[in-house]
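Per Swiss-Prot, the features are as follows:
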DISULFID  Cys234-Cys236  disulfide bond
DISULFID  Cys267-Cys270  disulfide bond
Amino acid sequence: MNQTAINRADARTRFIFDDMPVRGLHVRLENVWHHIVKQKNYPAAIRCALGELLAAGVLLSGNLKNEGTLIVQVQGQGKLKMLVAEATSDRTVRATARWDETAEIADDESLGDLLGGNGVFVLTLQPKDGEPWQGVVPLEGGSIAQMLVNYMKRSEQLDTHIALSASDEAAGGLLVQRLPEEVLDEEAWEHVSTLARTLTAEELAELDAQHVLYRLFHETPPRVFEPETFESSCTCSRGKVSDMLLMLGGEEVGGVVAEQGSIEVDCDFCHSKYVFDETDVNALFGEDVVGVAKGLPRHTVQ
């Protein structure tokens with residue numbers, strides 16, 4: 001496979017209609033998706049939902065105005081506890097899920113049944129410079145796509161159509177939206193959104209942007225921009241784990257190491273393991289926190 005083919009397998013493509021105030025984004029992730037699903041043995045229903053949320057995160061990150069990270073989460077109280085996907089302005093992504101691994105999950109189990117009651121959708125913006133912003137709303141809708149449409153109607157008050165799909169081979173998404181502060185004939189918007197709704201889940205997962213946009217809009221073709229390529233990359237590091245341990249405090253961390261000999265932290269996304277033994281922990285806190293936990297006199301370490 002040549003580099004162009006690889007790139008187009010993991011790309012977000014912007015488009016806009018010159019004759020009406022409507023913009024759109026198409027995303028298809030293939031190699032990135034393969035890398036993510038290899039990290040865990042996801043049940044089929046959860047794998048599908050995670051792929052849809054991943055595609056949604058890449059779509060929504062297309063509207064990032066500043067450098068940073070967009071995080072989308074779905075949290076529930078059923079068999080599925082959490083789905084999370086992250087997309088950065090550097091065009092890297094990662095995603096994972098947490099669920100009750102003792103529960104039986106049917107391949108066709110619905111998102112609502114997986115999440116149980118009182119689910120929430122969380123969208124977080126973490127700019128490289130500045131304070132993070134977070135929005136939390138109750139889950140509304142029977143699918144991730146419908147949930148996002150409801151969220152965007154509430155937050156942006158813009159007519160939006162979102163379609164999401166995930167298969168074993170790829171995750172895909174399509175977003176079509178009115179431009180803000182522009183007048184659009186209702187019949188024109190209805191025409192565009194109706195065409196967008198004819199796209200099947202199979203087509204969305206299988207076809208690249210060129211074929212999707214021709215399939216939908218060949219009679220009134222939009223202006224299409226150069227694809228933006230994405231790759232899978234985890235942002236975990238030993239330094240970030242150290243910061244987390246410092247936040248927990250020397251008493252708690254020292255107690256764990258005194259009892260177990262070390263403390264191990266696994267990354268939920270890429271499964272990297274970070275192990276801190278007695279020497280590591282004492283150096284991190286600048287004192288013999290493990291010794292204190294064992295009942296020895298407190299003293300600093302170099």
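Here the Cβ of each residue, glycine as well, is placed from N, Cα and C on the backbone.
Less than 8 angstroms from the CB of Cys270 (disulfide bond) sit Gln39, Arg94, Cys234, Cys236, each of them six or more residues away in the same chain. Other Cβ atoms within 10 Å of the Cβ of Cys234 (disulfide bond), summed over all protein chains shown, number 17. Around the Cβ of Cys236 (disulfide bond), the number of neighbouring Cβ atoms within 10 Å comes to 17. Proximity of Cys267 (disulfide bond) to non-local residues of its own chain (separation of 6 or more, Cβ distance below 8 Å) is seen for Cys234, Cys236, Lys273, Tyr274, given in sequence order.
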